[in-house]
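Visitor: Attaching a single structure in structure tokens format; questions to follow.
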Amino acid sequence: MSAILSADDLNDFISPGVACIKPVETLPKNESSNSQNPYEVTTEDKVQPENLPPAQISLTDCLACSGCVTSAEAVLISLQSHAEVLNTLDAYPELPLTQNHNGPYTGSSDALDGESRIFVASVSPQVRASLAATYGISEKEATYMIDQFLSGPHGLRAGGKHGSGFSWVVDTNVMRDAILVLTADEVSETLKEPSARAISKDTLPKRPVLSSACPGWICYAEKTHPFVLPHLSRLKSPQALTGTFLKTVLSKALGVPPSRVWHLAIMPCFDKKLEASREELTDVSWSPLDGGVPLTESNKPVRDVDCVITTRELLTLASSRGISLPTLPLKSLAPSYTPHFPDETLNAFLFRKQNGSEQSMEAGTSGGYLHHVLKTFQAKNPGSEIVTQRGRNADVVEYSLMSPGGEPLMKAARYYGFRNIQNLVRKLKPARVSRLPGARVPAASAGGNRRQPISRNSASAGSGTDFAYVEVMACPGGCTNGGGQIRIEDAREASTSTQSVTAVENPSKPTPHEQRAWLARVDEAYFSAESDAEGEMDGQAQPLTIPEREARVHEAFEYWSNLMNIPLSKLVYTTYREVESDVGKPKDAPIDTTRVVELAGKIGGGW
């Protein structure tokens, strides 16, 4: 936050100003006139407007602005909090589900009452790792703790106005594994010759393909470096894809509109709240069209993710209900609290046993996108070897897949943290055309656009464009170091055991060394999921190979698409757009009429 702004200066209302692009005109109030003269004439410039309600700026408005980003987002992010979760649980009773041999279903009277809701939640593995490190338990036990809190009889269901809880708690690793397969497919298509591609070049990202799962990185790119947008992977993040999956399947199977399915996501960073507010991630993007209009119950878009809270906010949610997380049973829920998913095929896909293959140290703490791409291409090139080269710091790593003959087959990289991201962006930035008289104009720039890349799906002249894929995350150290994770000072307060955290007896501010040690503890808990999964797999089927995982994902997603009668591209892909700023433009400058009309026509704000 800049030196001019501080948290003390902010309140729950931000008045439209010169640095805000929301098209709200501020007019003087209409003052009542005591004049009784029926012949009084008022000139046009003296006509006073009607008194209008106060202007409101929503989070989606501020996401469309590169002016007062920090202050506005800091205020409006707080609208998605533990308080919203409690208010929603108290405002709506839980929709009763009746179980039979075909799975759960709703009675016709219950489905039409309009008041009840189906509550579902999704949890990221980084959240479980943070809880495991805080309470000195395993990652699997942290899973049980969350399930008991959200769905069990001693958790949220034990209190509140209606005793509502969450019918299903989903692991985002399921959709992450699916996205890993689709990411490898996407990168593979970009490396093919244009004539051999199965996907249109207009829907493919340019090389190098940049990961798009981190909302902090996406927001930064859209606002400050729009020239990298063609490089972004078109795939949704695990959070967004989980939301689309749950809203589509549950609304279809249970016969309720998507607005009756309330989806809570528990994530490691605050930027996930921004992602959930994107208009591209609502039912408008996937609803079937009726004469060009989405088939929704109202004109208001329904988010795929209704609310996002962080790991720390999960602790606050528990304390607000007077629930002590460490006292909850660390065991799986009784069958009466775990209804089957409405569709048997998708139930097997969504709640399968995890093999933990992408939570290894080699894959990293951010989902293993780069690791899976490399392993997929290595499997297609027997005898090849992955060579690693460290960068200036631990958050920059470059990889080369070398053939048995020592020739490079593909290159990839990992860039974590904004300091390193800025270096990556500089490498991708197209060369500017010289303005000097008589300067030679490159053929690719002769059309007049000085930032126009040489071609749509080929590498440009930057030194970083020889990569096929780059995993980009905003947080140094990856997603286990997200801004919403439990800090060491919070863990000291939350822990009930002196063995849980280092230096519990020392209440002073943690040193950098202690903070690094704490992050290493969280990373260790994150990686322990692999050993937990291996223990579950003992005596059972072996972990799936890469071709088996690919076939499983493609089969499940084809079934999902056919079930919903919606093209798969509308379910799994999203779009990005450049965010322009009006800051510094003169008031009499020409107005981008199209953009203003688009913004003005969206009640409650939008992208």
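Any Cβ shown, glycine's included, is placed from N, Cα and C.
Note that this is a predicted model, so its numbers are computed, not measured.
Sharing the feature lines straight out of Swiss-Prot:
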type	residues	note
BINDING	Cys20, Cys62, Cys65, Cys68	[4Fe-4S] cluster 1 binding site
BINDING	Cys214, Cys269, Cys475, Cys479	[4Fe-4S] cluster 2 binding site
COMPBIAS	29-40	compositional bias 'Polar residues'
COMPBIAS	452-461	compositional bias 'Polar residues'
COMPBIAS	494-505	compositional bias 'Polar residues'
REGION	28-47	region 'Disordered'
REGION	439-461	region 'Disordered'
REGION	494-513	region 'Disordered'
Visitor: In the three-state scheme derived from DSSP, which category covers Cys214 ([4Fe-4S] cluster 2 binding site)?
Guide: coil
Visitor: Within the chain of Cys475 ([4Fe-4S] cluster 2 binding site), which residues six or more apart in sequence place their C-beta under 8 angstroms from its C-beta?
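Guide: Set apart from Cys475 ([4Fe-4S] cluster 2 binding site) by at least 6 residues yet with Cβ under 8 Å, we have Cys214, Gly216, Cys269, Tyr416, Gly417, Asn481, Gly482, Gly483.
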Visitor: Going along the chain, which residues six or more apart from Cys479 ([4Fe-4S] cluster 2 binding site) have their CB under 8 A from its CB?
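Guide: In sequence order, Ser124, Gln126, Cys214, Pro268, Cys269, Thr365, Ser366, Gly367, Met473 meet the Cβ cut-off.
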Visitor: List, in sequence order, the residues of the same chain other than Cys214, Cys269, Cys475, Cys479 whose Cβ lies within 8 Å of the centroid of the Cβ atoms of the recorded [4Fe-4S] cluster 2 site.
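Guide: Sorted by sequence, the hits are Gly216, Pro268, Asp271, Ser366, Met473, Ala474, Gly478, Asn481, Gly482, Gly483.
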Visitor: Relative to the Cβ position of Cys269 ([4Fe-4S] cluster 2 binding site), how many further Cβ atoms are located within 10 Å?
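Guide: Excluding its own Cβ, Cys269 ([4Fe-4S] cluster 2 binding site) sees 25 Cβ atoms within 10 Å.
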Visitor: With DSSP assignments reduced to helix, strand and coil, which class does Cys479 ([4Fe-4S] cluster 2 binding site) get?
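Guide: Looking at the DSSP assignment, Cys479 ([4Fe-4S] cluster 2 binding site) belongs to a helix.
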